[in-house]
Structures are given as structure tokens and as C-alpha cells.
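Heads up: the structure comes next, in C-alpha cells.
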């Protein structure tokens, strides 16, 4: 045994000396490592770390953002070892922390006999707004199969808590553990449930300043609602993150082979599992075996979503669900953050020209960040660029919004 120990020790010392002499002793290895490091740093600083593009036709809105939401004018430094869009999208749910949030659940009834699950973060310990009747309220809309448990929602609540605000999360029907009372779920185009929730929250706290923030499909739904209501909404402003602007372009991008493998198939199975629990209720209207055979989001929408909401074809549904068509009618200040490398919402489909025609709209476009990624810092557990945009914009509107709402 002793001989074996001596042998392994001598062998490791010999290898160490060879590595030192062969590589670093001659300086070649060190030079290679340093050279690569410098080249990578130069590439990162020249091509990756960039200021976002701010698209806003209204000079007052622009100046307002520069003063009270300066993060949208600062260079965004994506995490140096995972800046590519797909990588950011895939890693964010695993890397980011999950702040502890205690919710109070409320089930509200809908006109058609269904129910919607709301998760409240009341923030009764708010130092800045001890009076619950005037405590600013943020309505949060998660993505396609998301609920109040998503890490990006928990982070938004954590940011709001620091500012003393109350939050309420709108969980789409049948997705947060509650039963479906009617054979109906949700889609990006139908805003009836969102309207009911906004009316309900506003009626509970009519004197409280009220904003909304939507992520991914939640952002699409919120934009479609704002396009429909114009100025006729109790919301004073809205923040939109990683919305898919043109559904035709989104599904086409997600059907490219690599994207199908990484995202589309998984998302389709998430959609299927979210409705399989309600199979008995839904079988009254649908051929569920056919729905469960879908292998893409498009197939699922063709067999299920478009049929449920009475569209003649999937194209009619996708046309109606695309917020780019409603952007011109938005009547309150809206800030929309997208990354141009988001495979769920490809850069070429972002409606830059339409946004320039509406004084209420500001787009913030980063070159990297993926879909709800926006990771930054060496080990991006705590706060993302998206979280900072959310925090600064919500605070800007609640605390200085009167400077812009009189536009």
C-alpha cells in the first residue's frame, strides 16, 4: 500500500512539473490563456455589452424615463458566460433564486359560471404606505403555463415589497390548482377574465394607484386588453416583458428544429399537462385524445385553443392574439422590454414603426437577454436586468407619474 502511495505522489509531482515546464514554464500556456481571455473580453465589451435601444416618439416620455427609470439608458452587461438568447432562456429558471412570498388566495366567480384564482401579497407591513386603501397595487400576469409560483413573479413581488406596494397575481383559469367549473381555460386574445380581475381589484381599492405588469403571454394579454380599452381603464400604466408581438412569427421561430427541440416540445407538453387534470370537464367539448397527440404549440392551438374560443381557423385566432395589431390604440403609458435574440418573439417581428406612432408607448430593446432571461452579473441569482426595469418603472409611475399622465 505504501509503495502505491509513493508511486502516485511521485507521478503527480512529475506531471505537475511537466505541465509547469511544458506550458507555463515556457510561457506559452499562460500566454494562450491570457490571450484568449483578452480576446473574449474585447469581443464581449464591443459586441455583447450594449446600451438598449429606446424607441419612443414622445420626447416627454423619453425624458421622464431617462430621469426616473435610468436603467433603460444604461449599458446592459449580460452574464459573461451565458449571454446567448437560448442559453439565457434555458438557464434562468434554474439559476435565479426564489424569494419567499406568503400569498392570500381568493377565488372570484366569472359571469359564465367559472372561477379565477387570485394570489394576493397584501404587504400589510408596508412602511411607506401603511394605509391599505391608498397603497399602490400592481397586478401581475404570468406567462403561458405560469402561475404565482414562477421565480420571475416572486422577484417582481420582492421588488414591490421593498417599495411598499401591494401585489396581486392573476392565475389563468384551471392552472393554479383550482377546479374548472366550466369547460373553458384561457388564451392570449380573450380579455374577458382580465377585465373581470381588473374591475374586481379596482373595486376593492378604488383610491389606490393601480398598475399592471405582464410577462410573455401575460404581456400579450395585457397589451390586447389595453388596445381594446384605450384610455378607459383604471390602470394608470403598464410594463410588458418578453411579449410575443406577432404570433405567426413566434410559432414559426419556435418550429425551427433546434428551437422545437429546446422549447416547443416542452411547452406543448406543459400545455397538455395543465389541461389533463381537467380532462373530464373538457371532454364534453373536445376530442382530448387528439389534443394530447399535439407535438407543437401550433397543433395544440389548432385542436384546442382556437376551437374553445370559437375561431373559424387557427389563423383567425393568431391574428386576433397578436398585440402588434392593437398597439396603436393603447391609451396609457406602457413600457415594453424585449431582447432581439428572443426565439419566442424574434427581433424582426417587434413593431418598432407602430410604436413610434403612439406617444404612450416606449420600447426598450436589448441585443441579448433571450426570453424572460436578462441575466446579469457573474452569478446571476438575485436580480436580473428585467427586475431592475420593473422596479424603476413602477416606482417612477407611482411616485412621479403625474408629470407624464397629463400628456
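Glycine is no exception: its Cβ is also placed from the backbone N, Cα and C atoms.
Now, the feature entries from TrEMBL:
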{"type": "ACT_SITE", "residues": "216", "note": "active site, charge relay system"}
{"type": "ACT_SITE", "residues": "342", "note": "active site, charge relay system"}
{"type": "ACT_SITE", "residues": "371", "note": "active site, charge relay system"}
{"type": "DOMAIN", "residues": "136-377", "note": "domain 'AB hydrolase-1'"}
{"type": "TRANSMEM", "residues": "20-45", "note": "transmembrane segment"}
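In this structure, the CA atom of residue 371 (active site, charge relay system) is 5 Å away from the CA atom of residue 342 (active site, charge relay system). Cα of residue 216 (active site, charge relay system) to Cα of residue 342 (active site, charge relay system): a distance of 11 Å. Close to residue 342 (active site, charge relay system) in the fold, though at least 6 residues off in sequence, lie 85, 89, 242, 369, 370, 371, each with a CB less than 8 Å from its CB. On the 0 to 100 pLDDT scale, the domain 'AB hydrolase-1' (136-377) averages 97 in this prediction.
Around the Cβ of residue 216 (active site, charge relay system), a 10 Å sphere holds 26 further Cβ atoms from the protein chains shown.
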